[in-house]
Amino acid sequence: MATVDFLADKENGILHQTVQVVQVPVYEQDINDDIVVDAAAGNVDSYLKLAPDGRTVLVPQPSDDPNDPLNWSSTKKHAILIVLSITAGLGDYSSAAGIPLIMSQGLEWNRTPAKVNETGNLNVLMVAIGGLFWIIVSTWWGRGPALFWSTLTGCAFTIACAVTHNYSVYYGFRVLMGFSFCAFQIVGLACIKDMFFFHEHARKIGIWAYGVFLTPYLAPMFSNFIIAGTHGRWRVAFWLVFAVGTFDLLLILLISDETYYDRSIPAHKQPARPKTFVGRMARLTGVWQIQNHNAAGFYHLRHAVTRLVKTFLKPIMIPCMIYYAMTFMWVVGINITSAILLQTPQEYGGYGFDNNAIGYLLFAPLVAVTIGELSGHFFNDLIAKRYVKKHNGVFKPEARLLMNQVVVLLMVPGLVLVGQTLEKHLSYAGIIMGWGMYVIGSMLASVSLTAYCLDSYGSASSEVAGLLNFARVGAGFSVGYFQEPWGKVNGYGQSFGIQAAIVAAASIILTVLQIYGARMRAKSGPVV
């Protein structure tokens, strides 16, 4: 059996992997220690399995079972990753698609845009709350059933929103859409951890996060074009959401599989996973999981709930959630304020853009998200490799946080630029540039923070993703209620300036984690 060993450095509160002290299986572990990832530089057991480059230690060590997702072919892994990325984007896509529709809906139902927008606010709130529900489902029942049933029910609720002519019915199903479609904004991270090795995490998280960060801008862009092209027929936008959802559901049925695998169970005791279509459907619908719940190592319901609480109480999680909320909640503020002022007639202090113009303007954040993903795809790995090289083949998760400190230089001036542009009614190019700077920074920072938390508590990947999502969306939900009045009363220059100051202040939290994070993790131990 492949083994690694741990030697405690009590002075620094860190555990260093060495050799021949205490032998422990490297299957499912949280990194409450520094970890040797470069066999050429570190002193590692000769039995450890390495990546094809001959020097990168595989963490976790894969079993010898071909059904172990770590042993799946690269093609299968990346095909499933693409499906996960599309599914992850459905939550924000279905939510943001409704933003440009509120004027047309208000006319149909004789309600103010603010009243109609309440459905969108509650939809966003359920994206946060629903994520906690799907964490428990994926841990107790499996990733496959969470993937299939969340997408299927989300599509059904979308049909209800598209066909109803009753505001109350629309209200109810709009909320349920958010509850269902949000699942793989969270559970997708667990699947990445199930299929990919430690040294691959940052890049794969970037691909998955690209789907999450792209859709809040892609959806309103399409909806604006639809409203402009159909003269206010808002239901067409929801049929597009349904089309995207059903396309994703088709991909799930054709490609996806159950990724959870308990490597503490010997291969000869693992329940059979038939490779037939019927066998895979059983794993997607949850029948296989029910039949093999204990044999496959799924958690019992009570344990699944308590693990969420235990993860939340880990000393680094609350600071990470506070940082995430302080940094990313302003995405909602920019979206709301810019959309309103850009469509407000010029004689009333706005820019007088129509729906078509707003749709084209949304290309700016779309390009920014893409730049953030492409650059983060390499820079996050570069930071990790540089750290490993400087520390004799040893890596610790806190090294990830350097990226978050760097991108403050983009996010803070980006928010200031948007605020000054709106305050002084400068060219909309200022909004485009500031918006883009902030979005690039938020994309890069989100990937590195998520990778840090996943590295720290890999055995609680769903819980980590759910808590971070709750912080991001929950805080963003609140901004919708005070952003516009705040800007009108105090001026957009001041309101966005304070937001920029809050983002800068949040970096102090990261500094504390960079200094004390390793000790905090070592002292609190893994999630059990």
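Including glycine, each Cβ sits where the backbone N, Cα and C put it.
Nobody curates TrEMBL annotations by hand; they come from automatic prediction.
Annotated features in TrEMBL:
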- 79-102: transmembrane segment (TRANSMEM)
- 122-141: transmembrane segment (TRANSMEM)
- 146-165: transmembrane segment (TRANSMEM)
- 171-193: transmembrane segment (TRANSMEM)
- 205-230: transmembrane segment (TRANSMEM)
- 236-255: transmembrane segment (TRANSMEM)
- 322-342: transmembrane segment (TRANSMEM)
- 357-380: transmembrane segment (TRANSMEM)
- 401-422: transmembrane segment (TRANSMEM)
- 428-452: transmembrane segment (TRANSMEM)
- 464-483: transmembrane segment (TRANSMEM)
- 495-516: transmembrane segment (TRANSMEM)
Result, the transmembrane segment (146-165) in contact with the transmembrane segment (205-230) (3+ CB pairs under 8 Å):
no
Recorded stretch that, among 79-102, 171-193, 236-255, 428-452, 495-516, has the most CB pairs under 8 Å to the transmembrane segment (122-141):
171-193
Sort out for me which stretch, of 236-255, 401-422, 428-452, 464-483, has the most Cβ pairs below 8 angstroms to the transmembrane segment (357-380).
428-452
Ranked first among 79-102, 171-193, 401-422, 464-483, 495-516 for CB pairs under 8 angstroms with the transmembrane segment (428-452):
401-422
Among 79-102, 171-193, 401-422, stretch most in contact with the transmembrane segment (495-516) (C-beta, under 8 angstroms):
401-422
What else in the chain is close to the transmembrane segment (464-483), if you only count residues 6 or more beyond its ends and a Cβ gap under 8 Å?
117, 120-121, 124-125, 127-129, 131-132, 134-135, 182, 185-190, 308, 311-312, 317, 320-322, 324-326, 328-333, 336-337, 449-450, 453-454, 456-457, 495
Between the stretches 146-165, 171-193, 401-422, which wins on the count of C-beta pairs under 8 angstroms to the transmembrane segment (236-255)?
146-165
Ranked first among 146-165, 171-193, 401-422 for CB pairs under 8 angstroms with the transmembrane segment (79-102):
171-193
